[in-house]
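Take a look at the structure set out below.
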Amino acid sequence: MSAQRAAKRRTGDFHSEFPSSCGNPYQTACLLSKFIELPNPPLSRHQLKRLEEHRYQSCGKSLLEPLMQGFWEWLVIQVPQWIAPNLITIIGLLINIVTTVVLIYYCPTATEKAPTWTYLSCAIGLFMYQSLDAIDGKQARRTNSSTPLGELFDHGCDSLSTVFVVLGTCIAVQLGTNPDWMFFCCFAGMFMFYCAHWQTYVSGTLRFGIIDVTEVQIFIIIMHLLAAIGGPTLWLSMIPVLNVPMKLFPALCTVAGTVFSCTNYFRVIFTGGVGKNGSTIAGTSVLSPMLHIGSVIVLATMIYKKSSVQLFEKHPCLYILTFGFVSAKVTNKLVVAHMTKSEMHLHDSAFIGPALLFLNQYFNSFIDEYLVLWIALVLSLIDLIRYSVSVCNQIASHLHIEVFRIKTKMARFNHH
């Protein structure tokens with residue numbers, strides 16, 4: 001995520017052919033990857049060319065990052081040099097996803113109490129993700145394997161992790177009993193992550209605030225630990241002075257964080273454009289990215305409020321995951337647009353799932369909304385996976401590298 005991104009400095013380019021590394025023992029995996037890929041390469045030659053010119057730029061440090069750097073420096077030394085940076089990233093993401101999915105299994109409506117070990121596993125899983133996410137860039141520099149694929153892969157994993165992290169937090173505090181607050185917290189988290197890359201698309205520089213992702217992750221880890229120790233009674237207790245349930249404390253923090261972060265983001269978006277006449281890095285309108293995340297949030301809100309069967313209230317986790325996958329997809333496309341200095345197009349297959357839900361409601365839900373939600377979830381997940389795999393393979397092939405292995409001889413592309 002963002003504070004850790006300061007520790008990641010990786011860049012590169014791409015090709016449109018399939019990677020040349022499909023020999024034994026990777027043939028099966030490569031064939032499967034080829035099957036998943038989109039029929040047409042997602043990136044044009046012009047985008048690939050501009051990607052080669054991309055240079056990573058960042059500024060600012062969060063409050064706790066300097067304190068964590070010593071641990072991260074020690075940790076990366078423990079990692080064998082043959083392990084690829086992207087492999088470190090994906091392992092951390094999978095740990096984060098698995099621990100959250102277990103929590104979802106026990107708390108599908110975010111109102112149930114899960115076994116103590118599930119909250120502990122989420123806390124440990126998030127800490128492991130944070131740590132691995134922080135050292136993958138260090139491993140890239142250490143192994144002389146920095147490429148543009150690394151930066152894109154890192155941000156892509158972060159976009160998906162954000163969905164599971166915010167959902168896991170809502171489950172931990174049983175926020176499903178307050179569906180409006182749960183809806184706000186989840187989509188506020190996705191929106192803020194999108195805005196972080198939106199302002200980067202405008203200014204060309206990724207900015208870190210004094211309170212950034214490292215601090216938020218540690219706060220969420222504490223929430224999981226409190227859930228394990230205190231159980232449901234903790235969240236039902238009232239906060240002195242404020243006189244609101246303890247479970248709303250993370251929600252109130254989300255409100256404050258959203259106002260603070262968005263104020264800074266939009267200040268950059270409206271005044272920090274580096275393109276012609278204050279436009280984005282691609283020369284497009286600074287407001288154009290709003291159409292994508294705005295469409296996600298508007299559709300999610302309309303479907304939530306118009307459902308005749310209380311679809312979100314009864315199945316909040318499935319609902320958040322469905323729209324979370326769509327949000328992750330459009331965020332990834334925004335990152336690609338920034339790195340390739342290209343325009344974002346509104347038409348996107350990611351919206352097929354939400355469109356099905358919307359149309360089904362428009363025609364008086366002639367198909368069970370719960371069934372359509374599952375269909376939308378599967379379609380959104382498949383669309384995200386196909387796009388991500390296609391982009392990664394196209395870049396890897398163009399660079400003559402492998403996504404999850406370090407070649408003995410490879411060029412290093414410094415972008416910082």
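Every residue gets a Cβ built from N, Cα and C, even glycine.
So that you can see what the record holds, here are the features copied from Swiss-Prot:
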- 1-22: region 'Disordered' (REGION)
- 89-108: transmembrane segment (TRANSMEM)
- 116-133: transmembrane segment (TRANSMEM)
- Asp133, Asp154, Asp158: Mg(2+) 2 binding site (BINDING)
- Asp133, Asp154: Mg(2+) 1 binding site (BINDING)
- Asn144: N-linked glycosylation site (CARBOHYD)
- Glu151: site 'Increases basicity of active site His' (SITE)
- 156-176: transmembrane segment (TRANSMEM)
- 180-199: transmembrane segment (TRANSMEM)
- 210-230: transmembrane segment (TRANSMEM)
- 246-267: transmembrane segment (TRANSMEM)
- 286-306: transmembrane segment (TRANSMEM)
- 315-334: transmembrane segment (TRANSMEM)
- 349-363: transmembrane segment (TRANSMEM)
- 368-388: transmembrane segment (TRANSMEM)
Hey, which bits of the same chain come close to the transmembrane segment (89-108), Cβ under 8 Å, at least six residues off its ends? 114-115, 118-119, 121-122, 124-126, 128-133, 136, 153-154, 157, 160-161, 164-165, 167-168, 171-172, 174, 176, 315, 317-318, 404
With Cβ distances under 8 Å as the criterion, find the stretch in 116-133, 210-230, 246-267, 349-363 that has the most pairs with the transmembrane segment (180-199). 246-267
Does the transmembrane segment (315-334) make contact with the transmembrane segment (368-388) through 3 or more Cβ pairs under 8 Å, each pair 6 or more apart in sequence? yes
So how many other Cβ atoms are close to Asn144 (N-linked glycosylation site), meaning within 10 Å of its Cβ? 12
Per DSSP, three-state class assigned to Glu151 (site 'Increases basicity of active site His'): helix
What is the total of other Cβ atoms whose distance to the Cβ of Asp133 (Mg(2+) 2 binding site) is within 10 Å? 29
How about the transmembrane segment (210-230) with the transmembrane segment (116-133) - do they touch, taking at least 3 C-beta pairs under 8 Å (6 or more apart in sequence) as contact? yes
If we skip the immediate neighbours and take only residues 6+ beyond the ends of the transmembrane segment (246-267), which ones have a Cβ under 8 Å from one of its Cβ atoms? 169-170, 173-175, 177-178, 181, 184-185, 188-189, 191-192, 195-196, 198-199, 207, 209, 211, 216, 219, 223, 234-239
Other than its close neighbours in sequence, what residues sit by the transmembrane segment (349-363), given a CB gap under 8 Å and a spacing of at least six beyond its ends? 295-296, 299-300, 302-303, 306-308, 322-323, 325-326, 329-330, 369, 372-373, 375-377, 379-380, 383-384, 387
Same chain only, please: residues at least 6 beyond the ends of the transmembrane segment (368-388) with a C-beta under 8 Å from a C-beta of the stretch. Say none if there are none. 36-38, 42, 156, 160, 307-309, 311, 314-315, 318-319, 321-323, 325-326, 328-329, 332-333, 349-350, 352-354, 356-357, 360-361
Between the Cα atoms of Asn144 (N-linked glycosylation site) and Asp158 (Mg(2+) 2 binding site), what distance do you get, rounded to the nearest Å? 23
